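To keep things clear, I will list the structure first and then write my remarks on it.
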């Protein structure tokens, strides 16, 4: 699954987040890299225990919970608290695959990474390079937009040669573990929503909605 989700943040929310991030205490991103990733990672991150990380992370989670497209596509059960990175002056992150399981700082909880997400804070014209490359697809979205993709995908961030690229990134444990099943549910949900707009009184809506929930019941893992 790979899906672009527009307008997770509106213009006012984006401006507030950008202002806070530009004054952030950025640290060497290699401090959070694993044994293999440390050799291919060259960026900056906010510390996970930085109050700004926690404040903006909570804000993003609240926005996502109110975004119907994200909820329908990800079917989130648990979300790793959002983190924040900055790429500038040649900053890059070579080919890697995300960890399968993440610990939640300060808790005994672990979260399986089914989906990876990047929320962009910089407009594409503000920097050169910096594309997120997932498999063979190059992604550079407008600020406030989010890309959602399978955590098992090989991906990288191309070197930033001008300007700076600010983003948030996090991982989702979905109610539905398998990408193929999640894609079927999203396609079915899209069809239900379209039918509701076209023929809101159709009895088929009840039937299709029942099929959706029965499939979700069959495939859900909690």
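Note: Cβ is positioned from N, Cα and C throughout, glycine not excepted.
The Fe cation site recorded in Swiss-Prot includes 96, 98, and the single candidate from 67, 145, 155 that the record places there is 155. Ranking the binding-site residues 155, 165 by other CB atoms within 10 A of the CB puts 155 at the bottom. With respect to their backbone Cα atoms, residue 98 (Fe cation binding site) and residue 165 (2-oxoglutarate binding site) stand 20 Å from each other. Separating the Cα atoms of residue 155 (Fe cation binding site) and residue 165 (2-oxoglutarate binding site) is a whole-number distance of 17 Å. Helix, strand and coil counts under DSSP for the domain 'Fe2OG dioxygenase' (78-174) come to 3 helix, 57 strand, 37 coil.
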